[in-house]
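Scroll down for the structure; my scribbles are underneath it.
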Amino acid sequence: MHEEEIYTSLQWDIPTSEASQKCPSLSKCPGTWCIVTVISCVVCVGLLAASIFLGIKFSQVSSLVMEQRERLIRQDTALLNLTEWQRNHTLQLKSCQASLQRSLRSGSNCNPCPPNWIQNGKSCYYAFDRWETWNNSKKSCLKEGDSLLQIDSKEEMEFINLSIWKLKGGYEYWVGVFQDGPSGSWFWEDGSSPLSDLLPTDRQLSASQICGYLKDHTLISDNCSNWKYFICEKKAFGSCI
């Protein structure tokens with residue numbers, strides 16, 4: 001009986017000892033994990049904030065780098081365009097200088113009209129000493145790059161009379177005036193009408209084609225198929241006027 005009481009006493013003492021040993025650790029564990037958890041959360045939040053901050057800064061730096069790159073590209077393009085513009089203008093300047101030098105060298109020899117042609121203002125004249133019909137005379141002038149004489153003013157008429165007659169006076173010369181039918185109006189080759197005081201003298205011709213010629217300071221009408229000398233007119237070289 002005494003041994004059983006001792007055994008029973010031992011059995012009750014063991015649980016009491018284990019409980020007294022476990023309780024301190026159980027009371028300490030929750031507080032430590034809370035601190036660790038809080039610290040971990042703070043670290044995570046800090047890392048997340050740092051990551052977001054660095055991401056924003058990286059994006060800003062990347063945008064700035066791209067802007068700088070685009071600006072450099074634009075500047076390079078503008079520099080290339082400026083260089084090309086300068087090169088072109090340099091070439092143009094050299095070309096102008098060369099043209100000016102050629103003009104200065106040839107200025108003393110510049111003649112506004114071909115050899116043997118007579119100049120009056122912006123026109124050159126030449127009296128051909130071969131006979132042609134009016135139409136053939138017109139074609140011959142076209143081959144020379146000009147047209148039959150067209151008299152637009154009394155002053156031009158006076159010049160022609162004074163100049164041409166000194167060389168070949170007394171001849172009949174076709175000019176570029178014709179009549180539109182036996183009783184029609186008179187026209188120059190360019191379609192304009194002669195001045196009223198420069199109309200050819202009407203000879204009451206019955207020919208189907210009537211043209212005008214110059215003789216003794218007067219315009220006279222005649223059959224276009226008759227043969228006469230003719231006078232051509234062309235524009236003077238503009239650079240020599």
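The backbone N, Cα and C atoms fix where each Cβ goes, and this holds for glycine too.
Mean per-residue pLDDT, taken over the topological domain 'Cytoplasmic' (1-34), amounts to 51. For 1-34, the entry in Swiss-Prot reads topological domain 'Cytoplasmic'.
Among the features that Swiss-Prot reports, motif 'ITAM-like' is placed at 5-10.
Taken from Swiss-Prot, the feature transmembrane segment covers 35-55, and the record attributes it to sequence analysis.
Residues annotated as topological domain 'Extracellular' in Swiss-Prot: 56-241.
A C-beta separation below 8 Å, combined with a sequence spacing of at least six in one chain, links Asn81 (N-linked glycosylation site) to none of the other residues. Here Swiss-Prot flags Asn81 (among others) as N-linked glycosylation site, drawing on sequence analysis.
Cβ neighbours within 10 Å of Asn88 (N-linked glycosylation site), excluding its own Cβ and spanning all shown chains: 10. The N-linked glycosylation site annotation in Swiss-Prot covers Asn88 (among others) and is backed by sequence analysis.
Secondary structure at Cys113 (disulfide bond), as computed by DSSP, is coil. Within the same chain, residues at least 6 positions away in sequence whose Cβ sits under 8 Å from that of Cys113 (disulfide bond) are Gln119, Cys124, Lys234, Ala236, Phe237. Here Swiss-Prot flags Cys113-Cys124 (among others) as disulfide bond, drawing on sequence analysis.
Residues or ranges marked as domain 'C-type lectin' in Swiss-Prot (evidence: sequence analysis): 120-233.
Taken from Swiss-Prot, the feature N-linked glycosylation site applies to Asn135 (among others). Note: Asn135 (N-linked glycosylation site) has non-local neighbours Cys224, i.e. same-chain residues 6+ apart with C-beta under 8 A of its own C-beta.
The secondary structure of Cys141 (disulfide bond), as reduced to three states from DSSP, is helical. Summarising the annotation, Swiss-Prot assigns disulfide bond to Cys141-Cys232 (among others) and lists sequence analysis as the type of evidence.
Per Swiss-Prot, the feature N-linked glycosylation site maps to Asn161 (among others); the stated evidence is sequence analysis. Under DSSP, Asn161 (N-linked glycosylation site) is assigned to a helix (H, G or I) in the three-state scheme.
All protein chains included, Cys211 (disulfide bond) registers 27 other Cβ atoms within 10 Å of its own Cβ. The disulfide bond feature in Swiss-Prot is assigned to Cys211-Cys224 (among others).
Among the features that Swiss-Prot reports, N-linked glycosylation site is placed at Asn223 (among others), with the record citing sequence analysis. All chains included, 15 other C-beta atoms sit within 10 angstroms of the C-beta of Asn223 (N-linked glycosylation site).
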Practice problem: Could you tell me what the rest of the chain brings near the transmembrane segment (35-55), counting residues at least six beyond its ends with Cβ under 8 Å? | Solution: none
Practice problem: Specify the nearest of the disulfide-bonded residues Cys141, Cys211, Cys232 to Asn223 (N-linked glycosylation site), where nearness means the distance between Cα atoms. | Solution: Cys211
Practice problem: Round to a whole number and give the Cα-to-Cα distance in Å for the pair Asn161 (N-linked glycosylation site) and Cys211 (disulfide bond). | Solution: 19
